[in-house]
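Working notes for the structure below.
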């Protein structure tokens, strides 16, 4: 058989589809099935591409900073400074190992989707039914389906009886979709393709027979898998800036090193080997070796804090990106709503009764507009309970439904009304039933009545049930009530009853389709989460736009959007309007539209990309397969941990353990705190590097001895950055952290104020270094002793600067500022102990070329630190208004 192009099989008749695939009700013969298997390949999705661990480890060295540092290490070892070179290499390896561990969990999104394809299926071949491995299914196979089956391929129905399928993983709709064999429009939305059963969806009721029209990666799930594979993993604002920063620093170091080397050899008559060692000193000083590790640890601390608030981050950079999020695109079902159908209103001839409570828990009360008699309401509740195949299950206080969600909601509301489900079912024994079918649009059951008669209960589409009722009925009144409920996003079912004699043993359509007495109607909603309402309000206060993207209907989307207050007057656009819309028009549309209904996976992906093209940092939440491509495309993909599919979780950067939209807001709060703390780390770290570089440059220009050796510079960079700098990662949030607007996508992490602060503090450190160096020489210290004074002075100045930088918006001259946090005090104790070893331990003296210093000189060093603190506080007070 020749390859068949993808077509709108839902728009073709069953006969046309069978003819196109050269098949019939007897199915394919075994030989033809084998030939097609060779032509089309197995019914499976391609394996996910994985990066070998060795390559992932080597990728950690693909960085200009690392290249430069390795070159410095090689040069040092070539010049005979083996210890200096070895220490540099150890630092590089530590950074590589940290990065390798953090990136250790590989992508498994494609594999997760592959698991959704059914392992076995029932097919008709050679005129007989066979159970075969789903991977052997081919286009043209006739597939039998029944309740509980997972569809093994995209199947065009040929016959269907009472068939419905749970398509939530593709469409996001919480109610199973009714299926039949009748063709629909070629441009029908994914959720409206009644004659198609999509691969990976689950049959909830009925039976069907159909022809496989797409297998493997040609199915709808296969196309989604392809979109996931095509989505490139985005870098984050922080990573882009750190990489750009590292590149600029490296080129600056190369240029400065070349100029200094030439100046030292030509103008200062240095031996070229000595000049080359000066260049190594400059390289070690300019590269912030410990900064990447500290930033990584800062992000990891953010991960731990988020985990405590039920948000598990799978990729470290997502922590910082959350803080910059300007738009959250959220799926509706299961994210903003509970994904649990609830009866919200009951309408009888005596009036409207509101119902409280949510989910399937049988807890709530009735609040009627009229004082409707209990017997009137109970008749409606009993009909909903008995014309029903669902069961409610309680597990550790959590209620769930076995069966159709709307039927589960009817069981719950009956229990709220005082009916005991099991007792009622025993008292009203079921004799027969007519299952729900999309053609006749109702379900009917026959029961033994406790009084000796037999009674029929019917539920179905309101217009269908009304047409089956007799007696005086105000059709306009009922239609108005039904339209009112539908306009508020409710799904509506009508209920009716009829008493028959005990001679009626089986239900026939002729018995049911007339003479019924209308009991009333029920309106169902998938209610918004209470915490989601508060979380959306918090997002709006933080300047974060929330956009709801759902596969559900227009009316339902509007109603939920208004309840959530997503916008003052939310504009709604159906997905069909996006088809063929040019990208530039879409970019304008996504700015003003807050709700997108009937959205397909392609629509969601285009919406996210359009927002990103407008400069937004986008978080996308989701729980279904249909969400996975957009979740992966987003700057921060967020999946639901409880009800989310594995595909969504593996595509996401963050998983919410409690499926609580409010946890996203908590994560944004932590993300903004992490970003603030990273700015503090950078603002504290770089002046040390800047001061070291300036010291080397000034020493060469003035023909002085280097005040610090390369290995001593490395000691300062690693010990101070990793120990003291790390405590800034534990700093608490600023009070106004959720009152600021999101920072722009390309907002520089090094703001003008931060750049000024780095330059100012660097020069302050240079002054301190040369003062103490000359002081030491004047006191009779040799070069090793003077350099030891310099290293200890830099350490003390950094300690005092740490207290200053902890509070960028207020003075540090306060009791809380002076006391510090336990982390700060512990780190200072560790650094002091390390410096004592550095100065007085013989093995450290041999390793770093240090010498003991006198107690009085230690007091001078502390005095320099105090003076530094005072100067910085004065500078902060003068510059505070310039803080962005």
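Using the three backbone atoms N, Cα and C, a Cβ is placed for every residue, glycine included.
Because TrEMBL annotations are produced automatically, they should be read as predictions rather than curated entries.
Within the model, the domain 'Cation-transporting P-type ATPase N-terminal' (8-81) carries an average pLDDT of 82. Residues or ranges marked as domain 'Cation-transporting P-type ATPase N-terminal' by TrEMBL: 8-81.
The transmembrane segment annotation in TrEMBL covers 65-98 (among others).
The transmembrane segment annotation in TrEMBL covers 249-270 (among others).
The annotation transmembrane segment is assigned in TrEMBL to 276-301 (among others).
Per TrEMBL, the feature transmembrane segment maps to 681-702 (among others).
According to TrEMBL, the transmembrane segment annotation covers 714-733 (among others). Listed as Cβ neighbours of the transmembrane segment (714-733) (distance under 8 Å, sequence separation of 6 or more from its ends, same chain) are residues 84, 87-88, 91, 284-285, 288-291, 293-294, 297-298, 301-302, 669, 672-674, 676-677, 680-681, 684-685, 688-689, 692, 708, 791, 794-795, 798-799, 802, 805-806, 821, 823-824, 826-828, 830-831, 834, 838, 848.
Annotation comment: TrEMBL describes 754-773 (among others) as transmembrane segment.
Remote same-chain partners of the transmembrane segment (785-803), defined as residues 6 or more beyond its termini with a Cβ less than 8 Å from a stretch Cβ, comprise 684, 687-688, 691, 707-709, 712, 715-716, 719-720, 724, 727-728, 761, 764-765, 768-769, 772-773, 775-777, 812, 817-818, 820, 824, 828, 831, 835, 838-839, 849-853, 857-858, 861-862, 864-866, 868-869, 872. Residues or ranges marked as transmembrane segment in TrEMBL: 785-803 (among others).
The annotation transmembrane segment is assigned in TrEMBL to 815-841 (among others).
If you look up TrEMBL, you'll see 853-874 (among others) marked as transmembrane segment. Long-range Cβ contacts of the transmembrane segment (853-874) within its own chain (Cβ-Cβ under 8 Å, at least 6 residues beyond either end) map to 761, 764, 768, 771-772, 775-776, 779, 781, 785, 788-789, 792-793, 796-797, 799-801, 803-804, 811-813, 839.
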Residues of the domain 'Cation-transporting P-type ATPase N-terminal' (8-81) by DSSP state, where helix covers H, G and I: 43 helix, 1 strand, 30 coil
